[in-house]
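Trainee: Before anything else, here's the structure in question.
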Amino acid sequence: MTFVRQILRNHDIKPVKRLGQCFLADFSVMKKIVELAEIKEDETIVEIGSGLGLMTSLMAERAAWVHAVEIDGKLVSVLKERLKEYHNVTVIHGDILKYDFLTALGENSVKKIKIIGNIPYSISSPILFHILDHRKQISTAVLMMQKEVADRLCAVPGTKAYGIPTVLFGLYARISRELTVAPGCFYPKPEVTSTVVKMLIPEEPLYWVENDALFFRLVKAAFAQRRKTLLNNMKNAHWKDCDAGRIENLLRDMGAGEKIRAEELSIQQFAALCNSLSYS
């Protein structure tokens, strides 16, 4: 903790609240996060929000290449100074939401990358869906996030936390909770507990779907209003190519009644419903 404060003081930097800057200051947690990524010497890592570069250096000692993405210009200057001895680190001043992961693939002739990062709580959902959009370029993601966000990713059907993120990420990745990180591990202390989540993204979805775009569309429509039944939400979606009668018949064929809500349907059932819609 003292070390982090000292670096900030030496560079006359104060954490920027609007960027959600809370610097991880526990070295044991940093080491565990990097170990969870199981970095091999021929792999490329993209780090989200490299901050002061403390965890970046741990990655650089293991990986072939590290792309350290940081939006704060002052921190970029710190990173370039602190990491200048690592010739396998590229410091990128930019917004991760605008970062093209194909850049990391193209420069280093690799097929897949790994992602490590402490996601700012205020933009956790946009970052997660940016990762999901680029899933074909990513093999593993080890991400620290607000506990409530991790709860939604790892939820089971029938619970309040089960929703759109659960189903969409659950189709494409094996997700596991790995660490709980207390507020005292950061400077300044956040008001919430953090969780480190590991995502393993295989070549193919965990459940086969005929049409990815239709799956996204279906899931988002199904959860539009949680208190309504899935059937009513689909009616309100006004799909020209999908009338309520078809949905009702398909749900009945799956053994799910017309009163079922979206949060009661498993990821596998969503995939089956999507495929039935594709072929019916």
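Here the Cβ of each residue, glycine as well, is placed from N, Cα and C on the backbone.
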Trainee: Per Swiss-Prot, which one of Asp12, Asp95, Asp100, Asp133 shares the S-adenosyl-L-methionine site with Leu24, Gly49, Glu70, Asn118?
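Mentor: That S-adenosyl-L-methionine site, as Swiss-Prot gives it, pairs Leu24, Gly49, Glu70, Asn118 with Asp95.
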Trainee: If you measure every Cα to Cα pair among Leu24, Gly49, Glu70, Asp95, Asn118, the residues listed for S-adenosyl-L-methionine, what is the largest value in Å?
Mentor: 20
Trainee: Please determine which of the binding-site residues listed here (Glu70, Asp95) has the lowest count of neighbouring CB atoms within 10 Å.
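Mentor: Comparing Cβ neighbour counts within 10 Å for the binding-site residues Glu70, Asp95 gives Asp95.
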Trainee: What are the sequence-distant neighbours of Asn118 (S-adenosyl-L-methionine binding site), meaning same chain, six or more residues apart, C-beta distance under 8 angstroms?
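Mentor: Those within reach of Asn118 (S-adenosyl-L-methionine binding site), by Cβ under 8 Å and sequence separation of 6 or more, are Cys22, Leu24, Ile48, Gly49, Gly51, Leu143, Met144, Ser194.
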Trainee: With DSSP assignments reduced to helix, strand and coil, which class does Asp95 (S-adenosyl-L-methionine binding site) get?
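Mentor: Assignment for Asp95 (S-adenosyl-L-methionine binding site) reads coil.
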